[in-house]
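Per TrEMBL, these features apply:
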DOMAIN    29-303  domain 'Sugar phosphate transporter'
TRANSMEM  21-39  transmembrane segment
TRANSMEM  45-67  transmembrane segment
TRANSMEM  79-102  transmembrane segment
TRANSMEM  108-127  transmembrane segment
TRANSMEM  162-182  transmembrane segment
TRANSMEM  194-213  transmembrane segment
TRANSMEM  225-247  transmembrane segment
TRANSMEM  259-280  transmembrane segment
TRANSMEM  286-305  transmembrane segment
């Protein structure tokens, strides 16, 4: 009984931790988008240097990781430098390609490219890790994608350069999210420990390359920008929220999967549309509302499907562990013995509990 109570406590504690990671990611992501909207919009501070701003984000994240390691709050584990550099290259290409995709494509096509990341992640996980998904999970993902598509996709215009940038952005972003989970498992490293190792590399590279990328995107150079105190405060706010956003991203992918993180991302889209309507007087049409409703239904179905999959995996685990500890012949003999015992019990008029 005590063991069962401890097991239930662990399950409830894990569920609370999962919910905390999910809530941190949603709140910090929505907060950073709202801060950046004020920072970058023409009605705000017109700070149109998105790539360099991302470099600032990772610089503060790297500083927090350094302080945490120095004070003993977190432990530094070994990860080969070539793995860290490879991951940073993929992550930085993802950031730059997303920015170029948004610049060269219509908002509608940009949203479609983001929606296509879920099936791309599924295919890549199947190719790289032989991971398969149940029918219920596939159906729920389709419902989520359709719902978000209804409420976000408007005009769809495609051009060759924009299409290439979108393809690079989709591939690199999907690969980055898969790499986060695989590196954590491969080196038994926590989400924050991994982030504290990749953040300095990303910060340095983005702060060096970022101003030139932003110049290509906006035609403006950051050194010519007239910084006000209000803009500086919002940059600090954006960086602080980015620390929580980065940590929660690694936490979520480490605890769930890249596909689950994509579904969470679409939940953030629904929250952003709602807050835009409440705070910034954005238009809210029947199309938006119906799309959000379909997306939320899809997310509920996805949660249910993942719970079913988790239970089936737990049910199969004891049998698999027994099978792995026995030879194939011993396992077959054990299976035949169980079946014979059950048939004898039925003949005698009872079954064993």
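Count begins at 1; order follows the chain as displayed.
Placed from the backbone N, Cα and C atoms, the Cβ positions cover glycine too.
No curator has checked TrEMBL annotations; they are predicted automatically.
The model shown is predicted, which means the values in this text are computed figures rather than measured ones.
Among residues of the same chain six or more beyond the transmembrane segment (79-102), those with a C-beta under 8 A of the stretch's C-beta atoms are 50-51, 54, 110, 113, 162, 165-166, 168-169, 172-173, 175-176, 179-180, 183, 187, 189, 194, 197-198, 201-202, 205-206, 209, 213, 217. Among the stretches 21-39, 45-67, 194-213, 286-305, the one making the largest number of Cβ pairs under 8 Å with the transmembrane segment (225-247) is 45-67. Long-range contacts of the transmembrane segment (194-213) within its own chain (CB-CB distance under 8 A, at least 6 residues past either end) are made by residues 49, 51-52, 54-56, 58-59, 61-62, 64-66, 68-69, 74, 76, 79, 84-85, 87-88, 91-92, 95-96, 99, 180, 183-184, 187, 221-223, 246-247, 250.
Note on the domain 'Sugar phosphate transporter' (29-303): mean pLDDT across this stretch is 81.
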